[in-house]
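*Asks:* One structure coming up, written as structure tokens, with questions to follow.
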Amino acid sequence: MNEKQFYHVQRSVMFLAVILIVFGYTGPNGVFEFLNQPVGVFFYPQLIIAIVTTAGANLLMMALGAQQLRQKPRTVVQLTRLWGLIIVGIALFSFVFYLEEVVITKVSPRFSLAHYFAALAQAPDSFYDVLYEILGFFVTLPLLRLIAKSAKELEIRYLFWTQLIFMGILPILMFYTGLATIKINPPLAITNGCYFALMGYWLTQKDWVRRITHEQLLVGWLLTVCCYAVMISTTMYQANLQQNYALIGNLSFSQTLQGIPCLTVWMTIATKVLNRQELQLPRFHSLLEGSYAVILIAGILLTPLQFIFNLLKSFVGIWWGGLIWVTITLIISSLIVRGLRLIPLVNRLLPDLFYGLKT
């Protein structure tokens, strides 16, 4: 895979990842509004979409790992400086997001710095939780680089099956057998953030994409359908068992079997890119180059732009209304990022983590 092909694979994956991430965070006013409807014919397609959106963070980590693990190692000073920029960026934009919760959505009854810092320090459960995964990736980057560079194909296969068993099959089996109270701490390398970053790197550095056949890719998509069928049926079984359909919004099993679907999506995109005769360079600012910054800005704009969804949902439905809302939010966010990059101090808080093709 040459540089131009790599760039187009990255751009396509990131475009899909960012849309899924932002669409997933429309929450009860968007992707999860179907929970207010009775269970019917259109309930399940919307549940499928809700679970699919949770793959966005995994695809983002695959793109991040593919890019960063192939770069020249940073010094300790450079890596520490990057941590600082990411932390400051998360803290600053989370503060603006918190102000929206106080003033616009009224999620927080009153402004409190103590409440803001407590929410920031706790396990991420907000729009910016995917950015905590990015921060965790850079903290473990030296270790991940050692694993990525030294792993042989047999060890990669072992990691794949270990992740599938411990992160996917076991949690589901333990739920059905009533052993869900048993806590198993998975090794670092098979947690989603690290695992998908490593897989993104290996898929671009190995010749697997060139070796894969159409039949194998078809098998991958059939397995993807099976994975989503299991996750959806388990989610519905949990809701019916406890007679509480609000549990569906937690998507407790949405990350269990995402490995095969995400790898299949990546392989499909890469195969299509490699089969194209000619690849054009982008003429304008690319979403890939500013994707990290776009997510930061979109987190702030999503709530103020909710009126778009409110106006459209009665005409085009929840799904299309939410998609248009998200698309407009991302377009405006991308334009704002282009403007902010002209300000040197602000530009430093918006590092380019997914480099564009350098010419």
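Backbone N, Cα and C define each Cβ position, glycine as well.
Note that the coordinates shown come from a computational prediction; the quantities given were computed from them, not determined experimentally.
Found this in TrEMBL, in case it helps:
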type	residues	note
TRANSMEM	12-31	transmembrane segment
TRANSMEM	43-61	transmembrane segment
TRANSMEM	82-99	transmembrane segment
TRANSMEM	130-148	transmembrane segment
TRANSMEM	160-182	transmembrane segment
TRANSMEM	188-204	transmembrane segment
TRANSMEM	216-239	transmembrane segment
TRANSMEM	245-269	transmembrane segment
TRANSMEM	290-312	transmembrane segment
TRANSMEM	318-340	transmembrane segment
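Help me picture where these features are in the structure shown.
*Replies:* Panel annotation: around the transmembrane segment (82-99), residues 74, 108, 111, 116, 119-120, 126-128, 131-132, 134-135, 138-139, 296-297, 299-300, 348-351 of the same chain, lying at least six beyond its termini, place a Cβ under 8 Å from a Cβ of the stretch.
For the transmembrane segment (216-239), the residues of the chain that approach it from at least six positions outside its boundaries are 44, 47-48, 51-52, 168, 172, 175-176, 245, 247-248, 251-254, 256-258, 260-261, 263-264, 267-268, 271, judged by C-beta separation under 8 angstroms.
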*Asks:* Can you say which of 12-31, 43-61, 160-182, 188-204, 245-269 has the most Cβ pairs under 8 Å with the transmembrane segment (130-148)?
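*Replies:* Ranked by Cβ pairs under 8 Å, first place goes to 188-204.
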*Asks:* If you count Cβ pairs under 8 Å, which stretch among 12-31, 43-61, 245-269 touches the transmembrane segment (188-204) the most?
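*Replies:* Per the Cβ under 8 Å count, 245-269.
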*Asks:* Do at least three C-beta pairs under 8 angstroms join the transmembrane segment (160-182) to the transmembrane segment (245-269), pairs 6 or more apart in sequence?
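*Replies:* Judged by the Cβ rule, the two regions touch, with the required three close pairs present.
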*Asks:* How about long-range neighbours of the transmembrane segment (43-61): same chain, 6 or more residues beyond its ends, C-beta under 8 Å?
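*Replies:* Same-chain contacts beyond the ends: 13-14, 16-21, 23-24, 31-32, 34, 37, 129-130, 133-134, 137, 192-193, 196-197, 200, 228, 231-232, 235-236, 248, 251, 254-255, 258, 261-262, 265-266, 291, 318-319.
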